[in-house]
Amino acid sequence: MLENAWLVPLFPLISFVLLVAFGRQLKEGAAYVGIVSLLSSFIVALGILFERLGHDAENYIQNFNWLTIGDKTLTVGFEITPLNALMLFVVTLVSLMVHIYSKGYMHGDERFPVFYTYLSLFTFSMLSLVISPNLLQAFIFWELVGAASFLLIGFYYFKPSARSAAKKAFIVTRIGDLGLLIGISLLFWQVGTFEYAGVFEAVEQGLVEPGFITLTAILIFIGAIGKSGQFPLHTWLPDAMEGPTPVSALIHAATMVAAGVYLVARTFPLFEASETAMYVVATVGGFTAIFAASIGLVQNDIKRVLAYSTVSQLGYMMLALGSAGFIAGVFHLFTHAFFKALLFLTAGSVIHAVHTQNIKEMGGLGKEMKITRAVFLIGALAISGFPGLAGFFSKDLILMSVYESGHVTLFWMALIAAVMTAFYMFRLYFLVFSGKPRHNANVHESPKNMTIPMIILSLLAIFAGYIEFFGFGEWITNNGVIAEEVEGPKWIMYLSIIAAFGGIALAWLMYGRDNKVKTGEPRGLHKLLFNKYYIDELYSTVVVRPYTIFGYVLKFFDKYVIGGLVQLSVWFSKAIGKIGSRLQNGQVQAYGLITIIGLVLLLVSLTAGRLLG
Amino acid sequence: MMDSIGLLTLITFSPLLGVLLLAFVPSNKAGTIKLIGVLVSFIPLILSFVMFSSFDSTINGMQFVEDFDWIQIPLADNAMIEFKYSLGVDGLSMPLVVLSAIVASMSAIAAVNMIKKRWKEYFILFFLMQVGLYGVFAAQNLFLFFIFFEITLITMFFLVGIWGLDKREDAAFTFLLYNGLGSAILLISFVVLLMSAGYYEGANGTTIFTTDIQTIIFNLNNSASPYELLGVGVSDAIKYGVFFALLVAFGIKVPLFPFHSWILKVHYQAPPPMSMILSGVLLKIGAYGLFRMNYGFFPEITETFSTLLIILGIINLFYGGILAFVQEDMKMVVVYSSISHVGIIILGLGAMNSFGFQGAVFQIVSHGLLASLFFYIVGVMYNRVHTTKFSELGGMAKTMPFTSGILLTGALASLGLPGMSGFISEFLTFLGLFENRPILAAISTLGVVLTTVYLLRSVLNVTYGPTAEKLTHVSDARSVEMIPMVVLVGFVILVGVYPAILSEPIQATLQLFLTRIGG
């Protein structure tokens, strides 16, 4: 099965090509093309996962020559490791759920087939990124997932807000990609290959200077910062919520944004070789976790709250990896994919029903939408770290890893962020589902093709955490090759339970009891958080505006200085032309002829002159 | 003699068949004229594919060589001057001939809808220009090169001056002035080369003066060359002088900052099919000349000044990129984008290694395809709404989804999205630069962000957002109009996904080029 891993991305590619060619004719039948292809991919991915789970299973790698330049050959291929076998499973599963869900959610949209075309392109790129055995190929598909994400964010192209969100997402992530590009280029000339294995070998053998390792690791991490929405390149992700909600679930919660985390995990040996790089990863992750969570406390758009939550949770994963908690980081990536996709799909179900994203215009939806309410509650409990649900186990492991690594400040930051997480999730829950309705919509539960994927994901949000008890850590690290398992003191677990309950209780006190919605302008700290620490405004003032002004200055220079010189010479030659006006007969044809004859004569006479003289 | 006419001669002069046919068609028979215009343009295209498929990638020198005595002028003192008719292509010029044929045939299709008057004269001039186009890349003799070069210049002068927009004559004049200046410098350089390094010893001790490129390369780079035997040498002053003269001459064509002003006016006024030719291939003559002559004749001087080249490349890349960002007109964005993108070619040349050289050739081809695609789409838009200003455009995706999709695809290719040609050229160039000049390389990669910023701004302004009033009642591209879009994007994707199709034929030649440094 492992040697057929290339089939996994192939099915969505076929679906993409078919939909580009025949999408218009297929209309809403396009959904079936997408769903069947994803189902096939999922089955193959499942087979791969089971085979790779076997006791004597080994990593599989296959390479083909792609491009030969000078004495270097660049290859493409695929590999199967525990990490990417797991990723294949997660991506195909969530993507399949989203494909099914979208059939209901996007029903009636005139660009329905286009939506599925983009989804296929995204899924193909994401799966190809995951099975890449080298940094170049990873970079190629890294860029392609970015492009697919751009297309999907801008799906409602006629909305100016969607247009600017798509543009912003592309540009901001590209700044991060630049770091990645520089990082892999430098590594290539140092170790002579893009292959992960070759890079790690060179690092292990001490062929690369420590300073150089730090530099390249941080450059690669800059790429991950962009893709995973980490501070300071997080600004695009909340805006990306302009895309259709199923897209937010798939791309901007469960899979693509996790690609940054995946990349750091895949190149973990490189990071591990540099203490500085690890510290940078941990600090950026820890800061992002609390920073984004604090913004999420006060936002009123249901999707934006979830978006900041995603940024915050990705920060957790980075924090774990930077604290040498490889298992914890990957584990959280795994569980988060399910409950965050679930939360977005339930948000979509809610938006589908009330046609608004503002939680202040919702309320009391639990009565009519029993399934949505139940699965949202499961998702909220899972992400809050409620004991026994998926998020509890992975978050606990992260806290352990951070504590064991000795980053005390980061540990407490993570714990406070955990309280915030529980708070903003249950603020959502109470404001959306309980209390009295604050809307006039005629609410119905969503159709089956939307609720069934939600139910499946909710089951995973409950049970996915239990893999910890079946040797997950040992398996994912290749029996401890990549990293060690971490054991921490028991009190951390109790503390994390207290954090979860504390946040939920606070949310209940403020929003659950009397279900009041505050009105009026936010003030003080609330205002700062509501305006997202004014980061967008800062970038606009410091980067965008100066750049634009510089552009206009340069435009002036180009027009009047450079262009002026041209005008001067044109004027000059015209003046000469007037002197010799007797030669003019007013026809451009004659000029041309004279030019060529003159030049040929010049050539001959010059040559002859030199030789005879 | 017929059986000895080679493939390259056929490619170069087959457009004359069109001139011949058109001579018998009355000028009011527009349909017939256009049909001939398109069909005859496909002859060189098919022949160039034949050449491509029979090209031997393992040979690093010239192939399909044709060498005939042409002009011989006997001189005193047992000497003579000869101009040979010699054609040939190597890994550098072969892709350019193919590119020219692709762009020219697409331009012919574009002309069907975009040229609205005097079709007969238009196509006759267009065919003549094609002769110059193929000839300039195939010529192996400076004299011949110059003649073909001048043919493109003069025909283009008329094509812009007669069929352009309302300020066409002014634009044509600017074009002729700048390019005339360039060719004058080129001519002087060639003469100096002929006098200083263009001779060899023929039979009976005759001294034969020649403008044969290979002879000049040999003489300039070989200490045991005939001129040593004759007791004259090429001084460094001459070498440096010619190097810089060629740099300026080709720099005007490329165009390099600060010689770029002419293309602003010319592109804006030129009819779209001619903008396609101009940016797609004519400007590439400059880049080709830098490789073939600046580097070919003076590899060591080029290496000495590689930092200068890289800086020139970065200036172009940034200057064009920043200015493209503040334009209010789609057409001007495309023009400044062209200036920005040729910077990559210069960067690749400055990298002085196989990655850089490969990247530069990839960029020549990639930008040739993409620039003509952009000018074509802008032309398709202009044909419908008679404006290219952002203030009057927007939301084109609603009424013209196909054209908008192609425009967006082109933009993504142009900003270096993998899977398309732009990625390969940028990636190889940057990677090449990183080997020896990591700092300059890192600076130049910033160009990628600038490109993303201006391309998304402009393309999304046109295609996304609420549909502008002018665009509410237009129809999408018709099937004939779709052909150039599909073909050009097809090649862009082909090169992007399967880059070996280009890298293999050019590999041997570029390796030979590289061995000349320090050799």
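Using the three backbone atoms N, Cα and C, a Cβ is placed for every residue, glycine included.
Automatic, uncurated: that is what TrEMBL annotation is.
What TrEMBL annotates here:
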- B:78-131: domain 'NADH:ubiquinone oxidoreductase chain 4 N-terminal' (DOMAIN)
- B:139-451: domain 'NADH:quinone oxidoreductase/Mrp antiporter transmembrane' (DOMAIN)
- B:6-25: transmembrane segment (TRANSMEM)
- B:32-52: transmembrane segment (TRANSMEM)
- B:92-115: transmembrane segment (TRANSMEM)
- B:122-139: transmembrane segment (TRANSMEM)
- B:145-165: transmembrane segment (TRANSMEM)
- B:177-200: transmembrane segment (TRANSMEM)
- B:240-264: transmembrane segment (TRANSMEM)
- B:305-326: transmembrane segment (TRANSMEM)
- B:333-352: transmembrane segment (TRANSMEM)
- B:364-385: transmembrane segment (TRANSMEM)
- B:439-460: transmembrane segment (TRANSMEM)
- B:480-501: transmembrane segment (TRANSMEM)
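A contact links the transmembrane segment (B:439-460) to the transmembrane segment (B:333-352), because at least 3 Cβ pairs that are 6 or more residues apart lie under 8 A. Proximity of distant same-chain residues to the transmembrane segment (B:6-25), defined by a Cβ-Cβ separation under 8 Å and at least 6 residues beyond the stretch ends, is recorded for 32-33, 36-37, 40-41, 43-44, 47-48, 50-51, 64-66, 87-89, 97, 101, 120, 123-124, 127-128, 130-131, 134-135, 138.
Of the two recorded stretches, the transmembrane segment (B:32-52) lies close to the transmembrane segment (B:122-139), with three or more CB pairs under 8 Å once pairs fewer than 6 apart in sequence are set aside.
For the domain 'NADH:ubiquinone oxidoreductase chain 4 N-terminal' (B:78-131), the mean pLDDT of the prediction comes to 91. Below 8 angstroms of C-beta separation, residues 95-96, 99, 102-103, 106-107, 110, 113-114, 267, 271-273, 275-277, 279-281, 284, 287-288, 330-331, 334, 337-338, 341-342, 344-345, 392-393, 396, 400, 403, 406-407, 410, 413-414, 421-422, 424-425, 462, 470-471, 474-475, 477, 481, 484-485, 488-489, 491-492, 495, 502 of the same chain, each at least six residues beyond the ends of the transmembrane segment (B:364-385), sit close to that stretch. Under the criterion of 3 or more C-beta pairs below 8 Å, with sequence separation of 6 or more, the transmembrane segment (B:305-326) and the transmembrane segment (B:240-264) qualify as touching. Residues in the domain 'NADH:ubiquinone oxidoreductase chain 4 N-terminal' (B:78-131) partition by DSSP class (helix H, G, I; strand E, B; coil) as 35 helix, 11 strand, 8 coil.
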